[in-house]
Amino acid sequence: MPNFSFVFFYDSAKITPISTALLGRRMNYLKIAQDSLSVESNALLQLSQRLGDDFNQVIDLILACEGRLVIGGIGKSGLIGKKMVATFASTGTPSFFLHPTEAFHGDLGMLKPIDIVMLISYSGETDDVNKLIPSLKNFGNKIIAVTSNKNSTLARHADYVLDITVEREVCPNNLAPTTSALVTLALGDALAVSLITARNFQPADFAKFHPGGSLGRRLLCKVKDQMQTRLPTILPTTNFTDCLTVMNEGRMGVALVMENEQLKGIITDGDIRRALTANGAGTLNKTAKDFMTSSPKTIHQDEFLSKAEDFMKAKKIHSLVVVNDENHVVGLVEFSS
């Protein structure tokens, strides 16, 4: 008896097993995926073309807000709302998610009258969402409706309306929030990016909210925190063979050419290759000053590591000499692309 693996599809209350061997011959999944992405990309284009002055008014409202941007939604709309909150909060717009059902049972106490409330409902008729409206009006909160139905209960009671209409969901049954979820997510990103630009939100600001992980290290860490202080140094008169020995022992692929505590140059793997190409066996008779790179690039020890890395990327170099206030060499920072 042959071995079959099965995929289960839910059809109402029934569970129907379908052999994956048969399934693979039935459909071209690539075509389905491409069609889905085509529909969704077109929906994003339509959203872009549909944006009007309401969008500008919402941005101005949020910029002037002295409270928080509170976002609420149910189901997929709620999940999208949580992602919006995460983006806003990390880019300079204080924000939190308010579950409409929980809000109706006590969490409304989290609100202040100066907060702005953004409610997401594609139909605009989600009962748990709309039940909040009288309380929000009573508190004095401004309401932003994110919906496809400008004549809905939510839209009619909101102060501002952002339209997320889509022609259809890519779900074959036109039921599961797919295209509409993407459009809502993209609208949230468009709002966040506009606010970032309006506030001139810089990497240093971003770093304050992302102190952990590689991102935080790059944005908050200073050069002096990561630089190597045990440096491979040679004199201008050091011969080629001894230079190679120092570079090998230093394990950095470079040697700093120093004289009287002053930086005269740097020798990298590239300098070694160029010297050998130009001089062949005669390179053995050369000294450091003959093939070093004079006036190497430097950076101050108190600069952010991100600046050092960006500089090395731009100059296409892998090592940068670190100096102090007196312009004395105190370290070396490396970058691996």
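Cβ atoms here come from the backbone N, Cα and C positions, even for glycine.
Taken residue by residue with DSSP, His105 (substrate binding site) is part of neither helix nor strand, so it is coil. Annotated substrate binding site per Swiss-Prot: 92-93, His99, His105, 131-140, 165-167, Thr237, Asp290, in sequence order, evidence recorded as similarity to another entry.
On its own chain, His99 (Zn(2+) binding site) has Gly72, Ile74, Gly78, Asp107 as residues at least 6 apart in sequence with a Cβ closer than 8 Å to its own Cβ. The Zn(2+) binding site annotation in Swiss-Prot covers His99 and rests on similarity to another entry.
For the domain 'SIS' (58-201), the number of residues in each DSSP class (helix H, G, I; strand E, B; coil) is 66 helix, 23 strand, 55 coil. The domain 'SIS' feature in Swiss-Prot is assigned to 58-201.
Per Swiss-Prot, the feature domain 'CBS 1' maps to 227-284.
Swiss-Prot lists 292-337 with the feature domain 'CBS 2', giving sequence analysis as the kind of evidence. Looking just at the domain 'CBS 2' (292-337), the mean pLDDT is 90.
Marked as site 'Catalytically relevant' by Swiss-Prot: Lys76 (among others). Here Lys76 (site 'Catalytically relevant') comes close to Pro177, Ala181: these same-chain residues lie at least six apart in sequence, with C-beta atoms under 8 angstroms from its C-beta.
Around Asp128 (site 'Catalytically relevant'), taking its Cβ as the centre, 18 other Cβ atoms fall within 10 Å, counting all chains. Taken from Swiss-Prot, the feature site 'Catalytically relevant' covers Asp128 (among others).
Here Swiss-Prot flags Glu169 (among others) as site 'Catalytically relevant', drawing on similarity to another entry. With a cut-off of 8 Å between CB atoms and residues at least 6 apart in sequence, the same chain places Leu175, Ala176, Pro177, Thr178, Thr179, Ser180 near Glu169 (site 'Catalytically relevant'), listed in sequence order.
Contacts of His210 (site 'Catalytically relevant') defined by a Cβ separation under 8 A and a same-chain sequence distance of 6+ are given as Ser90, Gly216, Leu219, in order along the sequence. Taken from Swiss-Prot, the feature site 'Catalytically relevant' covers His210 (among others).
There are 9 other Cβ atoms within 10 Å of the Cβ belonging to His105 (substrate binding site). In the structure as shown, the Cβ atom of Leu136 (substrate binding site) sits within 10 Å of 22 other Cβ atoms. Here the Cα atom of Val166 (substrate binding site) is found 23 Å from that of Asp128 (site 'Catalytically relevant'). For the domain 'CBS 1' (227-284), DSSP puts the residue distribution at 27 helix, 17 strand, 14 coil. It is 78 Å from the Cα atom of Asp290 (substrate binding site) to that of Asp128 (site 'Catalytically relevant'). When Cβ atoms from all protein chains are considered, those within 10 Å of Asp290 (substrate binding site) total 13, not counting its own.
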